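Have a look at the structure below, then the notes.
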Amino acid sequence: MARLKQGAKAAEAQARLSQSSSSFGPYEVWTADAFARRSQRYWMLDTGAGAGVLFMAVIVCLVGAIVTSQSLKAVVAGSAREYAVLNALGVSRAALGRVVVEQACWIGGLGFVLAALASAVLLSIAYSYRVPVALNLSAVLACGFLVAVLSLLSGLGAMRSLLRADPATLLR
């Protein structure tokens with residue numbers, strides 16, 4: 001490990017050290033950023049920890065989709081008579097479906113805000129204990145995109161049950 005003086009160029013020092021011959025065998029020279037990337041890649045791809053995290057993320061997404069979908073279906077089923085009355089008054093089923101999808105988007109947005117707040121608290125706790133945690137903007141955007149897709153799919157599933165319902169039987 002080598003430390004450079006303030007203002008020294010790491011790339012030049014890396015090139016100079018890589019060219020020198022060594023009496024103690026082959027070695028590689030990395031900058032701090034390159035070493036950090038290699039270390040992260042090693043832990044994510046070579047140790048199996050990355051596969052575990054990916055598997056856990058897939059399970060969390062599936063459970064989230066199922067819970068959100070079932071919750072929306074329960075809300076739609078609980079309001080089935082109201083939807084039937086609106087349909088009987090001339091509101092199209094497509095408009096009712098848009099209401100259900102909008103509800104799904106609101107639920108997903110609220111869930112994302114709550115998750116962001118919980119993540120901020122957990123990250124601050126991790127930082128206070130000096131636990132190295134990396135959460136960049138692309139990860140946050142990817143999570144937001146997944147939440148939006150899950151909410152939309154859940155809304156479409158709930159909308160499907162609304163569209164399949166017969167208004168005449170709901171008004172009884």
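Glycine is no exception: its Cβ is also placed from the backbone N, Cα and C atoms.
Caution: TrEMBL annotation is automatic and unverified by curators.
TrEMBL lists 47-68 (among others) with the feature transmembrane segment.
Residues or ranges marked as domain 'ABC3 transporter permease C-terminal' by TrEMBL: 55-167. Break the domain 'ABC3 transporter permease C-terminal' (55-167) down by DSSP state and the numbers are 98 helix, 0 strand, 15 coil.
Marked as transmembrane segment by TrEMBL: 104-127 (among others). Long-range neighbours of the transmembrane segment (104-127) within the same chain, counting only residues 6 or more positions beyond its ends whose Cβ lies under 8 Å from a Cβ of the stretch, are 68, 71-72, 133, 135, 140, 143-144, 147-148, 150-152, 154-156, 158.
Remote same-chain residues near the transmembrane segment (133-156) are listed as 40, 61, 64-65, 68-69, 71-72, 100-105, 107-109, 111-112, 115-116, 119, 123, 126-127 (criterion: CB distance under 8 Å, separation of at least six residues from the stretch ends). According to TrEMBL, the feature transmembrane segment maps to 133-156 (among others).
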